[in-house]
Amino acid sequence: MGILQDLEFRGLINQQTDAEGLEQLLEKESVKLYCGFDPTADSLHIGHMLPVLMLRRFQLAGHQPIALVGGGTGMIGDPSGKKAERTLNTKDTVAYYTESIKNQLSNFLEFENVENPATMANNYDWLGNLDVISFLRDIGKNFGLNYMLAKDTVASRLETGISFTEFSYMILQSYDFLNLYQHHNCRLQIGGSDQWGNITAGLELIRKSEEDAKAFGLTIPLVTKSDGTKFGKTEGGAIWLDPEKTTPYEFYQFWINTDDRDVVKYLKYFTFLSHEEILELEKQVAEAPEKRAAQKALGAEMTKLVHGEEALEQAIKISAALFSGSVAELTASEIEQGFKDVPSVERTAEDTVLIDLLVESKISPSKRQAREDVTNGAIYVNGERTQALDYVVTEKDRIEGKFTIIRRGKKKYFLIRY
């Protein structure tokens, strides 16, 4: 099965130019393709995963991806999908973000020791030295104003306002494609569905600049959720690929909590499981949804892909401990991950009567309530129910000397830090 057939099965093709011509080219030779990533933060998030994994899919199929980091365009700002003007970052900030994103991209693509190595590029290398006269004469003259105004990325902003800076973004991205076509023989650009206007503008620039040009564009669908909420966002904010911003446990939990209505689609979109494996999981969703086999497979595949096998094992261990209440088995680093968002309090490492600890740490509102909670068996210290009113929390209750985990009731956790 060819790469395009696989993408069709996975629902990963939104729009494409000259489908027949692209299929023939991909069957005939190893094709260079690119996708751009503007450095708007110091980490990619899961909203970037589809295009990143598309580059990986093409590389696994024998083609040569170019990961383009927008060190130049990142200083301008892409108006696509935005309702208002972006805040411009400083040159130093963009340079820092660029390096961070380049490091992350290297985790997903093979840049050496393969027959079809990926390439990393930074469009600041050619946009940074472009003078205004050359830009207007050699590139700008190829873009009619009516043509640009008709593009969705621009038209959607005309009422709210768009600066010349962001208006010119389409021309700069088009020039990226032309530059990569001329200097790297890059024949295909891929991007999100909101990039269709920019991609077709680039193809038009190539057509006007090069005789007998053969270049192609392909967009991937917008990832949606059945409940109508935005994909990739939680109450805590974006789901980042950087483990310092989103822990592997949080990352794993994001995928594990996928709705039954979305899980098969996400298995197709994001994983490298075979068609047969996905169809089998789809069957399990229909026949035994309570087992959540598809969600577990999705969580495992994605966490392993982004954070590695060891981080996946930790995430599974933390999840199991929180579900069963056996939290004493967790290490200090696992507690940091799993209890990142629970209420916590700093205390000195000294022996304390449990009743006093509950009140002083605001776990129970009063001594009377604390005594009731303990007597009724509602208080757990490191997963163990504690009903003795004179129980003293000592060194033995401090996991690695750093934490004591208090649970009140079935699921209300509190973390004591030392």
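Yeah, the Cβs are placed from backbone N, Cα and C, and that goes for glycine too.
Reduced to three states, the DSSP call for Gln173 (L-tyrosine binding site) is helix. Summarising the environment of Gln173 (L-tyrosine binding site), the number of other Cβ atoms within 10 Å of its Cβ, over all protein chains shown, is 28. The L-tyrosine binding site annotation in Swiss-Prot covers Tyr34, Tyr169, Gln173.
Taken through DSSP, the motif ''HIGH' region' (39-48) splits into 3 helix, 1 strand, 6 coil. Annotated motif ''HIGH' region' per Swiss-Prot: 39-48, in sequence order.
Model confidence over the motif ''KMSKS' region' (230-234) stands at 82, taken as the mean pLDDT rounded to a whole number. Residues annotated as motif ''KMSKS' region' in Swiss-Prot: 230-234.
Per Swiss-Prot, ATP binding site is recorded for Lys233. Taking Cβ-Cβ distances under 8 Å and a sequence gap of 6 or more within the same chain, the neighbours of Lys233 (ATP binding site) are Ile239.
Per Swiss-Prot, domain 'S4 RNA-binding' is recorded for 352-418.
A Cβ distance under 8 Å defines the sequence-distant neighbours of the motif ''KMSKS' region' (230-234), meaning residues of its chain 6+ beyond its ends; these are 45-47, 223-224, 254. Using a 10 Å Cβ-Cβ cutoff, Tyr169 (L-tyrosine binding site) registers 23 neighbours.
When Cβ atoms from all protein chains are considered, those within 10 Å of Tyr34 (L-tyrosine binding site) total 23, not counting its own. Of all residue pairs in the L-tyrosine-binding list (Tyr34, Tyr169, Gln173), the one with the greatest Cα separation is 17 Å apart. When the domain 'S4 RNA-binding' (352-418) is classified with DSSP, helix, strand and coil residues number 19 helix, 22 strand, 26 coil.
Residue counts for the motif ''KMSKS' region' (230-234) under DSSP (helix as H, G, I; strand as E, B; rest coil) come to 0 helix, 2 strand, 3 coil.
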